[in-house]
Amino acid sequence: MRIARRDAVAAAVGAALVAAAFLLPRLNLGVRPRLDVGPERFATHAGAAPIFGEWLIHAGWGTGPAVALAVAVVAWGPVLAQRLSWRALTLGSWAVAAGWAFALAMIDGWQRGFAGRLTTRDEYLWEVPGIHDIAAAVRTFSSRIVDYQPHSWTTHVSGHPPGALLTFVWLDRLGLHGGGWAGLLCLLAGSSAAAAVLIGVRALADEPTARRAAPFVALAPTAIWVAVSADGYFAGVAAWGGALLAVAVHRPVRFPALTAAGAGLLLGWGCSATTA
């Protein structure tokens with residue numbers, strides 16, 4: 001009962017803070033969420049601070065599948081999570097997470113919602129054609145981080161370690177050019193985090209807990225970053241590194257040292273790809 005009371009208080013405080021952030025800038029009390037933005041801008045940006053996204057209510061061919069998948073998981077997910085074999089549950093959670101993320105992206109259409117996400121001038125693929133010597137690019141990477149210089153990296157490249165850029169360079173070298181393939185990599189890696197999380201929960205807690213979590217993990221709101229942004233790729237790498245580490249420490253596996261080494265490689269690569 002005490003825990004429930006604490007949760008209720010925390011939720012109430014959070015709701016009060018959000019309400020204050022929406023209301024105070026409109027009460028002419030001199031409260032401004034950003035020094036460079038006045039209250040007049042909020043009329044076209046979600047109607048209130050601190051939400052600066054624009055209203056863009058629309059539907060696409062991904063709308064129907066997204067709604068249908070969400071309804072199906074809510075209706076039958078908990079039952080299936082208890083009945084499926086463990087392998088089917090982990091693979092199914094991965095598939096549902098991938099389908100959910102892809103359907104949400106397709107609300108904006110193939111180009112705007114998926115293939116074009118990583119090709120803008122702030123993204124990684126913008127720099128890929130200019131990488132002719134990978135070793136030289138790594139050696140000079142830090143010298144191009146500072147913005148507003150003649151050879152500055154784009155926003156996302158300069159904001160992350162070189163491993164992120166190298167991933168998409170290697171993908172291009174394999175012949176998988178363009179935003180579609182890069183988006184597919186992020187989708188598959190990011191959605192696979194659903195399976196990794198279940199494996200990690202099973203190792204750290206128990207299988208019943210992991211099964212109860214499966215529907216929530218499959219429909220996690222992280223889907224909007226999985227399809228499509230490099231954050232999905234980073235999440236997949238980190239999730240599998242953490243899952244392998246948990247298995248190596250807490251589960252009886254045939255090759256614990258090899259499993260731990262795999263965890264170290266993945267987590268190390270994650271540190272080389274993102275600062276998150």
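Cβ coordinates are placed from backbone N, Cα and C, and glycine is handled just like the others.
Remember, predicted model here, so these are calculated numbers, not experimental data.
Of the listed segments 55-76, 121-142, TrEMBL assigns transmembrane segment to 55-76. Distant neighbours of the transmembrane segment (216-249): 69-70, 73-74, 77, 92-93, 96-97, 100-102, 104-105, 113-114, 117-118, 124, 156, 160, 164, 167, 179, 182-183, 185-194, 196-200, 203-204, 256-257, 259-260, 262-267, 269-270, 273-274, 276; these residues of the same chain sit at least 6 beyond its ends, with a Cβ under 8 Å from one of its Cβ atoms. Residues 159-164, 167, 230-231, 233-234, 237-238, 240-245, 247-249 of the same chain lie 6 or more positions beyond the ends of the transmembrane segment (255-275) yet place their CB under 8 Å from a CB of it. Residues 86, 89-91, 93-98, 101-102, 114-115, 117-118, 124-125, 167-168, 171, 210, 213-214, 217-218, 220, 222-223, 225-233, 235-240, 242-243, 246-247, 249-251 of the same chain sit 6 or more residues outside the transmembrane segment (181-204) yet have a Cβ under 8 Å from a Cβ within it.
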